[in-house]
């Protein structure tokens, strides 16, 4: 997920209003089509209220909905920051998973070398045999080298684990703040925990809202 930070900054600077304007009915169809392309487990829809003529973003089959007209430029920045934290968390998680895989592979290599060393001791009853001593030396040297590599991989993985934990805390706080912002004026009476869980389970929901707001702000700045 690549975020157009520079584009957003220029759009927000050019836009003089503090809240997003209602979108014309003709734009609703486009927003609906874009939202329905989401890969979430539920289907997103952008609808227009007959009473308020405000665009309401919701997911079919979900009690949660967001009135886009009530979101300001500062709110768009908050959504952007949340998406950036979410992306950072996912990138660190991938690196962490990769480091764990490397560590496991290294441990398996050391097990094989240890097994090879054991078999060598069974093969040669005479420990003074020059051939045995040479092979023993080679295996021991290899074990020392691979143990050092394992230690280095463990340090790398532990550092990534700490980074992942820190990124997770920041993401959780940002998700809590966003859940309060998006659903504070909505019809849902669900608990804050349920709202947070919904955002976590449907990451495309926030992304779709963000893209809709960017499009809306872009149209506003172009008409001024």
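Backbone N, Cα and C atoms are what each Cβ position is placed from, and that goes for glycine too.
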Margin query: Among the residue ranges 23-47, 48-72, I'd like the one that TrEMBL describes as region 'Disordered'.
Written below: 23-47
Item checked: Residues from the same chain, set at least six apart from the ends of the coiled coil (136-163), whose C-beta lies under 8 A from its own -> 92, 95-96, 99-100, 102-103, 106-107, 109-110, 113-114, 116-117, 120
